[in-house]
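Engineer: Got a structure for you, written out below as structure tokens; questions coming shortly.
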Amino acid sequence: MSHEIVPVDPIDVPSTSYSRPVLGDDDDSPERHQFTKSLTFREHVSSSEPFDSERLPATLASEIQRFLRIANLVESEEPRIAYLCRFHAFEIAHHMDRNSTGRGVRQFKTSLLQRLEQDEEFTVRRRKEKSDVRELKRVYHAYKEYIIRHGASFNLDNSQREKLINARRIASVLYEVLKTVTSGAGPQAIADRDSIRAKSEFYVPYNILPLDKGGVHQAIMHLPEIKAAVAIVRNTRGLPPPEDFQRHQPFVDLFEFLQHAFGFQNGNVANQREHLILLLSNTIIRQPQKQSSAPKSGDEAVDALMKKFFKNYTNWCKFLGRKNNIKLPYVKQEALQYKTLYIGLYLLIWGETSNLRFMPECLCYIFHHMAYELHGVLTGAVSMITGEKVMPAYGVGHESFLANVVTPIYRVVEKEADKNKNGTADHSMWRNYDDLNEFFWSPECFEIGWPMRVNQGDGEECFDGQCQHDFFCVESSDTSKTERWRGMLRFRKQTKKTDEEIEDDEELGGLSEEQTKPTSKWLGKTNFVETRSFWQIFRSFDRMWSFFVLSLQALIIMACHDVGSPLQMFNANIFEDVMSIFITSAILKLIKGILDIIFKWKARNTMPINEKKKQMVKLGFAAIWTIILPVLYAHSRRKYICYFPDYKTWLGEWCFSPYMVAVTIYLTGSAIALVLFFVPAISKYIETSNHRIFKTLSWWGQPRLYVGRGVQETQMSQFKYTLFWILVLLTKFAFSYAFEIKPLIEPTRLIMKVGVRNYEWHEIFPEVKSNAAAIVAVWAPIMVVYFMDTQIWYSVYCTIFGGLYGVLHHLGEIRTLGMLRGRFHTLPSAFNARLIPHSTKDEKRRKQRGFFPFSLGRGSDGQKNSMAKFVLVWNQVINSFRTEDLISNKELDLMTMPMSSEVLSGIIRWPIFLLANKFSTALSITKDFVGKDEVLYRRIRKDEYMYYAVKECYESLKYILQILVVGDLEKKIISGIINEIEENIRQSSLLEEFKMTELPALHDKCIELVQLLVEGSEVRLQIEKSEELHGKLVKALQDIFELVTNDMMVHGDRILDLLKSQEGSEEETDIFMRVIEPQLFESYGEHRCIHFPLPDSASLSEQIQRFLLLLTVKDSAMDIPENLEARRRISFFATSLFMDMPDAPKVRNMMSFSVLTPHYQEDITFSTKELHSTNSSVSIIFYMQKIFPDEWKNFLERMGCDNLDSLKKEGKDEELRSWASFRGQTLSRTVRGMMYCREALKLQAFLDMADDEDILEGYNDVERSNRPLAAQLDALADMKFTYVVSCQMFGAQKSAGDPHAQDILDLMIKYPSLRVAYVEEREEIVLDVPKKVYYSILVKAVNGFDQEIYRVKLPGPPNIGEGKPENQNHSIVFTRGEALQTIDMNQDHYLEEAFKMRNLLQEFLRNRGRRPPTILGLREHIFTGSVSSLAWFMSYQETSFVTIGQRLLANPLRVRFHYGHPDVFDRIFHITRGGISKASRTINLSEDVFAGYNTTLRRGCITYNEYLQVGKGRDVGLNQISKFEAKVANGNSEQTISRDIYRLGQRFDFFRMLSCYFTTIGFYFSSLISVIGIYIYLYGQLYLVLSGLQKTLILEAKVKNIKSLETALASQSFIQLGLLTGLPMVMEIGLEKGFLIAFQDFILMQLQLAAFFFTFSLGTKTHYFGRTILHGGAKYRPTGRKVVVFHANFSENYRLYSRSHFIKGFELMILLVVYELFKHTSQSNMAYSFITFSVWFMSLTWLCAPFLFNPSGFTWEIIVGDWRDWNRWIKEQGGIGIQQDKSWKSWWNDEQAHLRGSGVGARCLEIILSLRFFVYQYGLVYHLDISQSSTNIIVYALSWVVILATFFTVKAVDLGRQLFSTRKHLLFRFFKVFIFVSILTVIITLSNICHLSVKDLIVSCLAFLPTGWGLILIAQAVRPKIEGTSLWEFAQVLARAYDYGMGVVLFAPMAILAWLPIISAFQTRFLFNEAFNRRLQIQPILAGKKKNR
């Protein structure tokens, strides 16, 4: 060949959008040249710029993009080839869309055609061959030869590897173009481009395993386990002939056979092929090695996978009483093939079923039938009906499985989801994922059949009787009735019969079945109906509520009998009265039975008949017991039959009654349950058994469902959580009895005796006896607190038990740098024991030790290099700190540990920060020491680090002098001095022979010497400077020599004498004398006495630098590192090495895992514009500089720049973007952190494989120099770790040219092993009509472009449920491994923590109780609490939950679920059981926790491990935090009505059920009822005050201060002030930082108004939790995760908090004011203040907190701007398209959105609750002076006349504004004056005639304002009835007036305080106190904000 072709380097194509790299198809035709000439008849000069290959029409991109990219790549060298590739792309585009109907196709084809016209003649002239075909062949063969020559080499650097990849890509594309050109088929060749592409052997895009021919030489394919797995998959012996499936070539592997048999997609097959091979290989390598050296056959690995994959399927078959269809032959080899086929079939089904993956039993159903078909195909079975071979029902055609199996079921899911109406429809009106999946829990599912009985059309509609099975009907019953009537109408028209004739036909049976056949019936809900009701809480946890109610009744009875001892209970009368609780129990069971029937009514269609019968029988029995027990109790009260035993007992006589006998029978079932509780193994066996006897026994209990059976724990676990709850309950009941119930008994008796006759208002029920209303008012708050305070006692015991557990597990053992330095010498042995795999010999020794654990103090005898491994890992960790800019270069030097050959022998040189000040301290001790050498030695040796410092300094000085001094005479002198010193040390005479007082001087001279050596290495090339330093160095050596011999050595002359005695000739003596005379160490002639500059050696320079640091480092080095985050990370890493964790396996033997991160539209990397933008606040980069000043300084040092401007000049914009992004909550931070896992695995694999020389050489150096080893490390890392980011919007961003797409591509380029999955929505031209199709795509970066790896077509849009779980679900098919870690995009990871991942994964092989864990919980560190006080509160609150809270949940309570990321899932367990989250719209808003519920119900096990932490970001501003709290509260309210909570509450035993309740929805419900308790108390007191009862009770019954009420309010305050989370928080801080710091932090938090924050958060939780249960409206609330803390304007705060806080705050304040005005004066003011203090505090907090915690909230300039915005917003008219932040009306309508989907019951309850606002008016009007003490009802009626008059006045003003304000301003003003004068006249008249006082006016405002608000609330509730009327318009006017008034009242104090500068300074101080403590510059930030507003 005449021209040598070198593969081109990748080029950068400027573009603004990046599309995925796709396996394209190309063609050419023999008519090409003629067609080309017709198009390109003009001659142009070729364009020098590449054609844009990235911004392509979505319909064409996947097919033509690779040709355009290759054209750009080769254009500079081969322009004709580039032209041919582009022309081929044009032909494909034209073939795909001839009419250019697709979006952007016409423009693209025009631009490409113009480019071809330009390049035609020019490229022909540049052609090297005579024809295009020959040109193509020449270039193709050149690249082919290059690939053959270099393809099998491992020793390729990155650039060479890049060129080889380019060569493969180019050759692959040229092969397609060449084949198309030479095929001569023209358009047919273009149509057949798929088959041509498949034959291309050079470049097949792959994910991890290059399974094509070109990939056999890659390192990963040479691993034995990979080879074994590939052999298993490619074993096609015995398969049916390919001709049976219309294939002419043999099957390559089992997956290809399955694809052709069942019609799976190519992308799905390729994806699952690699998936199974990796699973097999990772399982094979962990199988125990056999004695024989024969290679593993893989039987054990396949069996292990079979057990995991089909555990759920076999259980499902057993549950339904069906035999599973996994049938295996007896021949072992055939059985292995069959097993592999079954696993492959399941994976292919799972990989293509899209949203159906949320329905695991639906997948079981599909697999069940397809496995039957597979067995029939494999065995060659013959159909009994047709006599032909059994073939799959859906195996014909491309994508037949997707079209015929997946799509029909998907359409059902999609249409049901559409009925949700974006979360506004009632849950009972549509079937969610759970409903559809649970249909397959009944045998009726088999009625669907196979082929499925679905509409034979397109599977989309189900009308007019066309649906073959009810499952596929998606229309509700009402619609079905309508459709039936339409069908009857059509029938009547067709037959022309009247209604009477049709009725006659029906009577006579004349209508055929087809004529009368009804439409398919909508099945409705399955097994459960999510009904919005607070009764759901009782129904789910009925045993707990019954227990508390019965206990309350018993305590009240005991208090009435004044019981002081438990033994008094056995008094006959007391015992009989207490026994009455069982009557209450029967009533509660009756209520439960009624609720069950009501709530299950809409699920009746799918409910088995036996279940319906059981419900009715249960209700009947409950009703019977409700009658029998009260009757018997009343009949036999105080009537006993007594039995006197012959022997005396402590109980005396035995007495019983018929009632007691009935109770004994009644409790029979409970007694059986109690017995089974103590034997959980038997209980579990009964529940899980499918035997008919046990089915019958368990029939009466819970409904027989597939999940929730056998969730019992072991005996020990049960004992632990039972003991915990017994302690909690005993404490709770003792406290309630002593302080709540018993003190109320006497006041109650007094109240009942008082007869109240004179009321101060018109009493509606004056004849009620015993003052029942007063008793209710007193007892109601106590009852509320009684049901709430268990949450408080749980929190107390959680703190105690969690703290003890933390201490026992070594938490916080190393908290400070002092502790770290003190225990650092133990870290190498702990590291060796925990993180280094043990040899077989060590394992045997450990097993022999039995009970005793592995010693941390000794390393492995078989691993001499364990210390070197620790040093290597430690240095890598410290280097990562430097890379992250946590430490400076100097700190890096102080913290690294030198690596030398000494380390292999166990001698270690500690990091200098440990030795800081040790050497100088030793000098100080020695110079003044008086005594013997042994005493000095012991004193120095006592401090290990001091001893090491002295020893290393001495050895370093010796080593440097040996290299530096080269003159013979000088060497003898140095040697003599050293020998003298060492001899004196051996003889313990050093202090006698040397004057130690001169040591400081020697120390200074040594520092001077070493500094000269360091300076000399830096100026090595400057001759003049080097000579000058040489002279200084000689002088320093001479000074040291003189100092040692003359001043220090007592017998310094011995050195000279020793030299003289060793001289052998006179000549030497003369030389000696001659030399000593001029100068020692100085050169003479050409002879040099010192070697300077020193040899250019990195190790020598490092040692000299270290020696200098040892000599010069001061006390400040003891505080290294200075960065707080670096300190925390090192301390935690050191502590974790002493925690209990599994032993580390070798990387090759560890479990493989994936990490999955969902991403929507969050920040990826801050752009340069975003960094410097100051639109809304200060710029991000300015903020970062002030918040992270030390890290900014370290970053500048690393970049070699002085400031931001120099960074820009140096072109370091990308580094700056990364630095800022790594400090925000960005995707790039998360990706960097998670990729540490790969880096750690590679390093650990290196330590597993490397020998001593490699370790000494260093990991980084070996990776660069030893290519084969580096390739093996990459192969192992790829096999064990995969990271997939599911970027949901990546496809749309690419199409739109969004810069975020480029940011994602940059991440993939930076981290080549990163994979990105996304959903592509594109149009495909079908019959010249564009149709939307969806694909799930996986891409990676290849040579600067995104390369498509897999493409799986979806049945439709995937996001039909909640966004995040759907995003996870579509990408989970691209994950690999046996474990899956879920990481959110606001998380971070650390290199030192990544080293513990293989230990963590070993937890899956540990048994935790009955079963190994299926979810591993991990600890989180909140990294956003460093500056803002709110962020600090939030981080501490989160930290307490993710540490001490989850620690207790996991053990002993055994109710830890999945609370989001970063938990690690048993991947195979979860992909066969519905995935890692649930996705039904609205109900699964908190999608993560449902994964934990699902796992627990399916008998999984969830643990919590604290030895590994992951970073987590949280919101930092009050508004962001409130939105997050609202979202969580919404999610918890949806959990409350969910089936998962119901089943957990019913299936758990009693004590575990308590754990479940109080750690999930119980926390929110307790918070809600604590606030409700305040309302009940205040309204009760309001009733007593306004009615006059309080006055009577105080004067007549002497009831003043009731202690129980004080206790109740104090208990409420415990929750209100945040102590539920505060106590665990203090305990956790105490464990980790010390209890003194914890106490200081707690006090400091209170000074920074933490109580305000927690009280305010309580209001957020209760509002959204209660409102969502009642009305719905739960939704995801994006918080934005802003980096900069910004000021929120007043209108924004008002919109966010008006209904949740401000309204309630005003209501509480009015209640308190009214109570203060009218309470009886004899009541103690101190008692009043004590009782109401917490209420005042709550009301003020709810009104003021948003402004207190708003930065710059009291700055006058900002206040003025807020007022303008507020007025503009409140007055703006709303309308269509106007957002709520622009108009009050739009906001007001949006604020009522939750009422639109609310039911009649909820609206009625809302109206009833609104009636409380009318109490003020009813009570206060009778206390007006104008009423003259009258209690007549007319007074109240007249008050309504006043209200109506007021309303008419307001309406008149509004009407006047509409009529006159535009044109007749003067008339409108006169009208307003007239109204004002009229009102004033009325007031003056009434004051003169009826004695109307000023107090009356004030009281009237207090009376009428709540009434108006109540009317507004009622109008909102009945809006559907009054909308469009004048009433609704008036309600709007009134509501606007109220909002404006409340805004003014809120704004006025702010404006007043803004005048006082000290207020703004005080606010800044408490908001940013943590920043001030860290000496951060907050004022410039705030000043910057003001400046930029």
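From the backbone N, Cα and C atoms, a Cβ is placed for every residue, glycine too.
Given the structure is predicted, the values throughout are model-derived calculations rather than measurements.
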Engineer: For the record in TrEMBL, which of the ranges 1-32, 97-128, 481-512, 1345-1376 is the region 'Disordered' one?
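Structural biologist: It is 1-32 that TrEMBL describes as region 'Disordered'.
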Engineer: What residues elsewhere in the chain lie close to the transmembrane segment (656-682), defined as a C-beta under 8 angstroms and at least 6 residues from its ends?
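Structural biologist: Same-chain contacts beyond the ends: 576, 579, 582, 585-586, 625, 628-629, 632-633, 635-637, 639-641, 643, 700, 712-715, 718, 1549-1550.
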Engineer: Could you pull the average pLDDT for the domain '1,3-beta-glucan synthase component FKS1-like' (337-453)?
Structural biologist: 90
Engineer: Counting only residues 6 or more past its boundaries, what in the same chain has a CB within less than 8 Å of a CB in the transmembrane segment (579-599)?
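Structural biologist: 529, 531, 533, 535-536, 538-539, 542, 545-546, 549-550, 553-554, 557, 615-616, 618-619, 622-623, 625-626, 629-630, 633, 659-660, 663, 666-667.
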Engineer: Please count the residues of the domain '1,3-beta-glucan synthase component FKS1-like' (337-453) that DSSP assigns to helix (H, G, I), strand (E, B) and coil.
Structural biologist: 78 helix, 2 strand, 37 coil
Engineer: Can you tell me which parts of the same chain pack against the transmembrane segment (1556-1578), counting only residues 6+ beyond its ends and a CB-CB cutoff under 8 A?
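Structural biologist: Those are 537, 541, 544, 780-781, 784-785, 787-788, 790-791, 794, 1445, 1449, 1453, 1455, 1457, 1489, 1529, 1532-1533, 1535-1536, 1541, 1544-1545, 1548, 1605, 1608-1609, 1611-1612, 1615-1616, 1620, 1658-1659, 1661-1662, 1665-1666, 1708, 1711-1712, 1715, 1734-1735, 1738, in sequence order.
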